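Feature list (source: Swiss-Prot):
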DOMAIN    292-373  domain 'RCK C-terminal'
TRANSMEM  27-49  transmembrane segment
TRANSMEM  54-71  transmembrane segment
TRANSMEM  83-105  transmembrane segment
TRANSMEM  115-137  transmembrane segment
TRANSMEM  142-162  transmembrane segment
TRANSMEM  177-199  transmembrane segment
TRANSMEM  383-405  transmembrane segment
TRANSMEM  409-428  transmembrane segment
TRANSMEM  441-463  transmembrane segment
TRANSMEM  478-500  transmembrane segment
Amino acid sequence: MQIRVPQRNRGRTFPHRSSHRRTPIHILEFLAAQPLLTLALILAVGLLIGKIRFFGISLGAAAVLFVALALSTVDPALQLPPLVYQLGLAMFVYAIGLSAGSEFFAEFRHRGWKLTLFMIGLLMLMMAVAYGIIKLFGLDEIIGAGMFAGALSSTPGMAAMVEMLEGIDDSVASEPVVGYSLAYPGAVIGSILVAAIGAKLMKVNHAADAAEEGLVSDPLEWTGVRIGPGINGTIAQLPTLAGEEIIATRVVHSKTFHSLAAPNDRLHEGMVLVIHGTPDALERAIAKVGKQQDVPIEDTDLVYSRFTVSSKAVVGRKISDLDTVRSGFIISRLRRGDADVVPEPDDVLHYSDRVRVIAPANRMSEVRRFLGDSERSLADVDLMPFAFGLVIGLAIGVIPIPLPGGNTLSLGFGGGPIVAGLILGALNRTGPIHWQMPYHASRTISTFGLAIFLAGVGTSAGVGFRQALTDPASLTVIAGGFIVTISSALVCALVCMPLFKLKWDEAMGVAAGCTTNPAIISYLNGQTGTELATRGYATVYPTAMIGKIIASQMLLLALIA
């Protein structure tokens, strides 16, 4: 006796079981009907595998992509709604833009514009390489154009080609997706292989490179200095006079009487100050402005303490605008993330910054209230600015940009949010709106956005990858895309290191920025433990994102012309 299962299992038969036992349902079919459970499972398994080290290398969040790809290859019905990866990518790139905004525009004025021009040239070169591969191997033109987008991880570029083809021949509008799906996994694997193998062969010292670039500071110390003859100016001008990143915090009048070093106080011969900086900076500064002086600080009425910045009245403002001396304290050290740095007057305070302050003991409670120092306030994150910023970014993403021939393109859900994030991150605040978020909240949102993006895009690529297992022609598309990916990463290393004097990690960050692939930058950050790769990534990401949308459509037009 057999029981037929209705509706979606119609036509399939199962052996009769006892009435008290439920009819078994295939686990993959069950997951296909439960996308939320599927998403959670992919995230859990992927993040678990990402912690495992293979030959000293761990994939981190990138493992989520491969778990999603594996599941959807076994059963193409395992698809997550497009909204999942669209929202994930938008959250990730917007958070990246917020954190990198100030540095991006500051860097652009120095060498950022050079890297922007390099990225434009690189995309043109890769477009030519892809064109040659398609013609040499006789690949289908439309699938080949999709291969180019997949090899450089350009989901917006692929979407732009689909939209363009819908206006030309709707019957082939889905073919770029096939090429994209086949090439996309190789884009992740290829870039990670170049970064990992290159770092091993070149014996890259990640921490030393980051320190040389000023991204990892030596521990800060303090010492006393007696100002020598011929040193004229104010305390605020002392770093300039010394030519070093130092800060004066105390004027020493006697063993028991110290006062705060006000910026407008005049320097004079014999004046004794307490200054802070790295050991090397202190040594060089003292040699220029005077001589070292032993200063006991235990028996004075000035004390020091660390507070966390959480006050809305302080966040987003420059230290110089706070007039801290009038409020009874001086900020001697600024800790953001894992690094202590000497604060500068133009530094803008962010949520969750840790500051070391010096103040009279009887005013320390007042200083605490001024800065906030409330973990509860930081945990109560105001998501309104983040949501409003996403709205601005997504709105920018849908604005049509006209092209010759009557075609249009848009920045999409990946390009628009990063443009908005960079601008708003550089602004810090607009009136009462604080665009920046607490450090931990920003990292959590960006990591979660990255993970759900990888889960969503991984399941969408499974159909094409499954075809490759049975169609030899698909293997040619995979190989062609892999060549484009490897070529772009190698060009970044071979050009950026000698021409722009970039370290290996930053050059690989530029390569990751070329692919605009969050999985690659996640891997690089996990392996290096520094911000070098992120700096390179953020510098070229906007140009690469926009450039690939244009390049993908230009390649398609060149192939079908």
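Counting begins at 1 with the first residue displayed.
Placement of Cβ uses the backbone N, Cα and C atoms for every residue, glycine included.
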Feature contact check the transmembrane segment (478-500) with the transmembrane segment (409-428), CB under 8 Å, 3 or more pairs: no
Winner by Cβ pairs under 8 Å against the transmembrane segment (115-137), considering only 83-105, 177-199, 383-405, 441-463, 478-500: 478-500
Within the domain 'RCK C-terminal' (292-373), residues counted as helix, strand or coil by DSSP: 15 helix, 30 strand, 37 coil
Selection from 142-162, 177-199, 441-463, 478-500, the stretch that has most Cβ pairs under 8 A to the transmembrane segment (27-49): 441-463
Close approaches to the transmembrane segment (177-199) from elsewhere in its chain (Cβ under 8 angstroms; 6 or more beyond its ends): 57, 59, 62, 65-66, 69, 140, 142-153, 155, 158, 162, 206, 457, 460-465, 467-468, 474, 477-478, 480-482, 484-486, 489-490, 493, 504-505, 508, 511-512, 515, 517, 519-520, 523-524, 527
Segment-level pLDDT (mean, integer) for the domain 'RCK C-terminal' (292-373): 89
